[in-house]
Amino acid sequence: MSQQAPPRPDIPRFFYGWVVVGVTVLALLLAAGARSAPGVFLVPMQEALSLSRGTLSLSVSLGLLVFGLSAPLSGRLMDRFGPRRVATAGLALVALSFFLSTLAHSALSLHLTWGLLSGLGTGLVGSVLGATVATRWFVRQRGLVTGLFGAATSAGQLLFIPLLTGWAGARGWTGGALLIAVAAALLVPLVWWWLRDSPAQVGLRPDGDAPTQDLPVTAAPPPDPLAMRRAVRHRDFWLLVITFFVCGATSNGLVGTHFMRSAATWGSRRASPLGCSP
């Protein structure tokens, strides 16, 4: 009597990982928009708060510094608590920081809201969330997903800069800040409900492959507590750190923050919501 072959595990027609990708794209769009906001708000904030450009730039610099330094922290926290909790906390901090910034009337309060809170919130979301999701959920299509996340970061600036410019022109910089705060607050429950830390939480393997007897669904291995300690001993690690530091300082820190102000100084008119001069 011949033995029957074991039943093949059911493979779902739709891979839940693409839901995770969609939620992650929204979070990255928002984080990129929040990081590009200082360049839009610098002029109206200077006029409304009667603070010098140097004082406002210091708040932005603190935010960028905390954003960069939070990347290792974000990765470590995602290894320990999962990207769902970390991304949710980051979006909540973004919403809180932009809301509190509308109530700020001193340099110290701006340093705390626009600097520390905003930098930490966007860093928890925008630093390594995309890489973590792509690595945990995909193998065969990891390159495609990584490219989508990179495009989301760029598209966030493309989307939010003209939108915030028009919104701030009509309702002041506080109106633009509240827009980001509301958008981040709306994403908090969305990320909490739909983002999952790994395919194992929904009974799958990366790319949607069903579990088999030879390769069952297992949780991700525990993080290596000595990985960072080993990395800082390598010359290539510090070359990458310096390279990305220069890139961030010149692009986000210099051009992204002060280009619109400089363009206005040299006679360029403010942009419309579509990104064109009226």
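Every residue gets a Cβ built from N, Cα and C, even glycine.
TrEMBL: automatically predicted annotations, no manual curation.
Sequence annotations record features per position, and here TrEMBL assigns domain 'Major facilitator superfamily (MFS) profile' to 20-278.
Annotation comment: TrEMBL describes 14-34 (among others) as transmembrane segment. Outside the transmembrane segment (14-34), and at least 6 residues removed from its termini, the chain residues within Cβ reach (under 8 Å) are 87, 90-91, 94, 98, 118, 121-122, 125-126, 129-130, 133, 137-138, 145, 148-149, 152-157, 159-161, 163-164, 180, 183-184, 187, 190-191, 194-196, 199, 202, 204, 206-208.
Among the features that TrEMBL reports, transmembrane segment is placed at 54-74 (among others).
Per TrEMBL, transmembrane segment is recorded for 86-108 (among others).
Listed by sequence, the residues of this chain that lie at least six past the ends of the transmembrane segment (114-135) yet keep a Cβ under 8 A from its Cβ atoms are 20-21, 24, 27-28, 30-32, 34-35, 38, 58-71, 73-75, 77-78, 83, 86-87, 89-98, 100-101, 104, 142, 145-146, 149-150, 152-153, 184. Annotated transmembrane segment per TrEMBL: 114-135 (among others), in sequence order.
For 147-170 (among others), the entry in TrEMBL reads transmembrane segment.
Marked as transmembrane segment by TrEMBL: 176-195 (among others). Among residues of the same chain six or more beyond the transmembrane segment (176-195), those with a C-beta under 8 A of the stretch's C-beta atoms are 19-20, 23-24, 26-27, 30, 33-34, 37, 40-41, 83-84, 87-88, 91-92, 94-96, 98-99, 101-102, 121, 160, 163-164, 167-168.
Annotated transmembrane segment per TrEMBL: 237-260 (among others), in sequence order.
Mean pLDDT for the domain 'Major facilitator superfamily (MFS) profile' (20-278) in the predicted structure: 81.
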